[in-house]
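See structure below.
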Amino acid sequence: MRPPEHVEAAIRARTRPVCAYVYDTAVLNERAAALRAALPPRTTLLYAVKANGHPDVVRTLSSACDGLEVASGGELRLAVAAGARRIVFGGPGKTDAELAAAVAAGAQVNVESAHELRRLDRAARAAGVVTEAAVRVNRAGPALPGSHAMTGTPTPFGVDETTLARVLALRLDSVRVTGFHLHAVSNNLDAAAHARFIAEAVDWSVATARRHDVPLRLVNVGGGLGVDYLGAATIDLDALRSGLAGLAVPDGVDLIVEPGRILAADAGWYAAEVLDLKHTHGRWFAVLRGGTHHFRLPAAWGYSHPFTVLPVDAWPYPWQRPQVDDVAVDAVGELCTPRDVLARDRHVRRLRIGDILVFGRTGAYGWDISHHDFLRHPPPAFEVL
Ligand SMILES: *Cc1c(COP(=O)(O)O)cnc(C)c1O
């Protein structure tokens, strides 16, 4: 995926050796609008901050969506600073201080256990408020295709469906359980299956609320809408829209969707200059100013992230410029470990030292999930368009 002209221009304008993330807020706005158009009217669309916590990204998506989903005290502070109209706070290990901060910010908490529900009640009482919470449930059956299944399987997330009755039977003064949180999967590309999952989550919530006397006001179906890093595909939003066309959300129930990846992935480009080219034991390596300490996703998931070559004609040295033609190269980083690989065996028509590799679709789970301090190289530049 070649970057659009304005992104390419921003990359070319950087000082050398080039190493930068470029984020395009127009793409963030476009993705939020496209997703909203695929969801039933009145659905609450939140952005899951963990995908990309750059303050400009968070601020842009906070206004393009209805609010933000956060999963730590740090993300909560970002959301407050971004002026989010609505904040939902999730995550399996919340401290008392984080629960108190969530109550103070007026966030709605997704509770992960009976113990946490009691602690939230205590935090709300201390603040002199009554708060509404959803219980995150690890449901009995498998939910969806995709990676990282979080429900229907042993995980640290949520309350096992078989013990849900005990949590819902707790009668607490300062917290009312008014819904369920059912985030199930990461990176699902099957739109029809995702629509069925959402419809089924609503039905399950209505039935479960009735059975346990929960005054149902919110059903949070999480995120997990996927992009295919190897191809150009994204979960089919037209198919999602038609799959959800008949969805009947009861009056007074707020359907919440809180994706991260599908909103932010396409808005990011990671650019890294080729510092060296070498051939060892029959294999070509392009060594980059950058690597997995900036963009860990391919190493974490074990795939080769596609890139395009941005040719740079300037050559500042008085000797001949090393170059390869029509070969397969491994794009590797500057870290002293053989695991620092962004892509293997990618064909290049021509590649020279000083050219720039541009990795598209790096706006989600790129910089944010990477081990920045390993080897203490300087961070990339960040440019927001
Ligand atoms: C990570 C996460 C999301 C966002 O997931 P995406 O796959 O980026 O859409 C939403 N909700 C919860 C609870 C999460 O943990």
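Using the three backbone atoms N, Cα and C, a Cβ is placed for every residue, glycine included.
Features as listed in TrEMBL:
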- Cys336: active site, proton donor (ACT_SITE)
- 21-363: domain 'Orn/DAP/Arg decarboxylase 2 C-terminal' (DOMAIN)
- 28-265: domain 'Orn/DAP/Arg decarboxylase 2 N-terminal' (DOMAIN)
- Lys50: N6-(pyridoxal phosphate)lysine (MOD_RES)
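Under the DSSP three-state reduction, Lys50 (N6-(pyridoxal phosphate)lysine) is assigned to helix.
The two recorded residues, the residue listed as 'active site, proton donor' and Lys50 (N6-(pyridoxal phosphate)lysine), have Cα atoms 28 Å apart.
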